[in-house]
Amino acid sequence: MGRITFYEERNFGGRSYDCSSDCGDLSSYMSHCYSCRVHSGCFMVYDRPNYMGNQYFLRRGEYPDCMSMGMNDFFRSCRMIPMYRGSYRMRIYERENFGGQMYEMMDDCDNIMDRYRMSNCMSCHVMDGHWLMYEQPHYRGRMMYFRPGEYRSFSSMGWGSGMRFMSMRRIMDSWY
């Protein structure tokens, strides 16, 4: 079970709110959240309510200032990532709606262009495990969290028509 504490001010100041599950709108508990401590588990935090906007992966540790993490604003929602110890399997597709080239992955990939000669990844089907996908090779740039399910169009997920992913990483139990 994961646990995170959000603070209204930078450097863990002001009022705080403890959370052990998903929270779609942190403003229900405090006016804003500028810092946090992850006591256990892994979380995705978002700069918009209802798990929208830019996403940031957090694991156990202290985060005294969300601006130093690259956020332009403050935490507005969070999602707990459940611990997973099974196998990992995901199919990535070159085009939306599972079109174009398809490759099945069972491990991390730091560059789909180098590994698969694939210039776009615009839809996926996560069969097993929890994954982070990055817009640039070598796990850089904006990221998005994917749990088991079908994702037919990344552009319909709130990031615009040009969104694509170039590297993928499994969220392993060793990260907790």
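Backbone N, Cα and C atoms are what each Cβ position is placed from, and that goes for glycine too.
Within the same chain, residues 49-51, 58-67, 74-81, 176 sit at least 6 positions outside the domain 'Beta/gamma crystallin 'Greek key'' (2-40) and bring their C-beta atoms closer than 8 Å to a C-beta of that stretch. The domain 'Beta/gamma crystallin 'Greek key'' annotation in TrEMBL covers 2-40 (among others).
The domain 'Beta/gamma crystallin 'Greek key'' feature in TrEMBL is assigned to 41-82 (among others). Taken through DSSP, the domain 'Beta/gamma crystallin 'Greek key'' (41-82) splits into 4 helix, 25 strand, 13 coil.
Listed by sequence, the residues of this chain that lie at least six past the ends of the domain 'Beta/gamma crystallin 'Greek key'' (129-172) yet keep a Cβ under 8 A from its Cβ atoms are 42, 44, 52-57, 79, 81-82, 84, 86-90, 92, 96-98, 105, 107-114, 120-123. If you look up TrEMBL, you'll see 129-172 (among others) marked as domain 'Beta/gamma crystallin 'Greek key''.
In the domain 'Beta/gamma crystallin 'Greek key'' (2-40), the DSSP tally of helix, strand and coil residues is 6 helix, 21 strand, 12 coil.
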